[in-house]
Amino acid sequence: MAESVVTTVPGGWAVLAGILLCGLAFFAVALDAALSARAQGTGGGWGAPLGRAARLLRQRRRSTVAADTLLWRIGGAGMLVGAFLMIAVIPLGEWTLADLDVGVVWFNTVDVMVWALVWLAGWGANSAHGLVGGYRFLAHGLAYELPLMFALVAPAIAAGSLAVGDVAAAQDGVWFVVWMPVAFLVFLIGVTGFSVWGPFTPALAADIGGGVLAELSGVDRLVLQAGRYLFLTAGAAFSVPLFLGGGAGPVLPGWAWVLVKTVAVLAVLVWLRRKLPLLRPDRFMEIGWMVLLPAAVLQDLVVSLVVVWKG
Amino acid sequence: MGHGGMDHGEMDHGEMDHGEMDHGEMDHGGHGGMDHGGMDHGEMDHGGHGGMDHSGHGGMDHGGMDHGEMDHGGHGGMDHSGHGGMDHGEMDHGGHGGMDHSGHGGMDMAPGGIALAGGGEDRDGLEMDVLHLPLGPVLPFWPAGLVLRCSLQGDVVVDAEASVVDGAGAGGPGPGPAPAAVVWCDQVMALLALAGVEDAAACARRARDALLHGDQGAARAAAERLHRTIRRSRLLRWSLRGVLPLDPSDLEQHGLPRRCLGDAHDRLLARLERIRAEAGGAEPVPVEDAAVPWAVLPELVTGLELASVRLAVASLDLDPHPAVQAVGHG
């Protein structure tokens, strides 16, 4: 490919990237716990997730009769692994782990994998609650995935490249979020969707006893829950090179700006969770197809026209 | 099929449910030496056995069989209980040619002891698995003690049966009767939690706690805030609109009190108004003390999808063990 705008670092740095991702995800967990505690009017919060995680690690693994253990574990562990695959293409300032020509497509591929993972996690337990939860997620997926794909297309058209580094570099004048706000919004909805987060948690909801989580215990439960937060974090991080100008910003170095913007997006997503009701899968389908999809396509059209007009 | 030497003594086939079995072209020849003594085939239903050949049953002893009330027309209602909790509900036995039923061990119809899901006709006329799922008696945000045995196709409740553990209205050994407004707060909290608005649900919980502690000021503040939040949330309205809509004729038909009018969102708002009035220290709102009868629940929720069922149940102020009513009548 042509001269790259980002430097590809040796694979060993993946460890640091993973640690960064985990740190940011823990920030999301802690923030959520703190907001929860405040709403309930109880003290503490920030440290509570550590206690919960420790308890899950010590908890004995519970199993169900005739569970499809292999698929069940694949579903849970896949959620943990997927998020790490995602961040491989997200540049931290000027460095990236893998400067793929098709970075945007890579991101999209991983997020589509979540469909299978959540459904498997629901299916494997051999429980009606889990199964209903898994299918609820698929229904949501049908509604958010296509709009998300079209939202991903907009920055790629504007940058004329599917490489994430190029997309970030194409925003040296004005950030994409400014002139493609619809795509940004739809992208964030998609991120909450594939993280099974906030309004997209009917798959894990209390009305079906926890749904996909109903039969998960101990380390399996910890792994799947951690995977959700990691996906949320990776999604928020991906919005930075795509819409928020990558590492662009005054004073601070590029990598610091990426982190700051990621934290900001993440905090908004975590905060919003408490405010919004669940989007019921049956009703959200209509919004996904009648509102989000046309809006995203229209956004792509506008972006294309602007690109053509500018020559 | 070779049933030679089988001893089916003491089998209880009462209420077997072999619906949709197709035993056409079965050849039951060669049942020599079977001892079917003591079988109770009450309420069996043997439809569609065209072409069966029962010749050659030499030496069978069918003495003592009770074929009373058999209906040879479709295999409804058989029950192989006594076979280790197997549920043969609506299995399709078509095409089991050459099976060896001796000892009943060759067929794994219940892997791990759990029966396979039976089939049933879905709304669109296609066959779909039927799962049996009890809701309650202990479930978050669910009226304590209420059990709703649902038959699910996908996540649609196609059949339901309601009951209450420990008998209705027995009044458990609870902490004593609670003020009505406290119970309303709890019910509002359950509905909001099911709808997924966590902050609002937390607010309802705080209002309840304040009421319980007699902190009228805090209760009023929380109730006002809750009312404002709920009324302004368009997403919540979108989510609750049209959930179990009841018009006056429905109320009459099911014997429901007038406060159940409208859909889940209407009922939520009405209850919030009452909480607000109560917390605001206004004169007590005249409360209809007619309880919502839980027995009509199956009629109300059949045909709804599981999430709607939960919202619908939470939106009716069901109280199978009414602690409040105990004040008035006790």
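Every residue gets a Cβ built from N, Cα and C, even glycine.
Long-range Cβ contacts of the transmembrane segment (A:12-31) within its own chain (Cβ-Cβ under 8 Å, at least 6 residues beyond either end) map to 45-47, 49, 83-84, 87-88, 92, 95, 97, 226, 229-230, 232-234, 236-237, 259, 262-263, 266-267, 269-271. Under the heading transmembrane segment, TrEMBL lists A:12-31 (among others).
Using a Cβ-Cβ cut-off under 8 Å and counting only residues 6 or more beyond its ends in the same chain, the transmembrane segment (A:70-92) has close neighbours at 6, 14, 17-18, 20-21, 25, 98-100, 103, 106-107, 110-111, 113-114, 116-125, 164-165, 168, 216, 220-221, 223-224, 226-228, 230-231, 233-235, 237-238, 240-241, 246-247, 254-255, 258-259. Taken from TrEMBL, the feature transmembrane segment covers A:70-92 (among others).
As annotated by TrEMBL, transmembrane segment applies to A:112-132 (among others). Residues of the same chain lying 6 or more positions beyond the ends of the transmembrane segment (A:112-132) and with a Cβ under 8 Å from any Cβ of it are 64-76, 78-79, 82, 138, 141, 145, 194, 196, 203, 208-212, 214-216, 224, 227, 231.
Feature annotation from TrEMBL assigns transmembrane segment to A:144-164 (among others).
Sequence annotations record features per position, and here TrEMBL assigns transmembrane segment to A:176-197 (among others). Outside the transmembrane segment (A:176-197) by six or more residues, the chain places 111, 114, 118, 137, 140-141, 144-145, 147-148, 150-152, 154-155, 158, 167, 170, 203-204, 212, 228-229, 231-232, 235-236, 238-239, 242-245, 265, 269, 273, 292, 295-296, 298-300, 302-303, 306 with a CB less than 8 A from a CB of the stretch.
What TrEMBL lists as transmembrane segment is A:229-248 (among others).
Here TrEMBL flags A:254-272 (among others) as transmembrane segment. When Cβ-Cβ distances below 8 Å are used as the criterion, the transmembrane segment (A:254-272) is approached by residues 20, 24, 27-28, 31-32, 35, 90-95, 188, 191-192, 197-198, 232-233, 236-237, 239-241, 244-248 of the same chain, each at least six residues removed from its ends.
Per TrEMBL, transmembrane segment is recorded for A:284-309 (among others).
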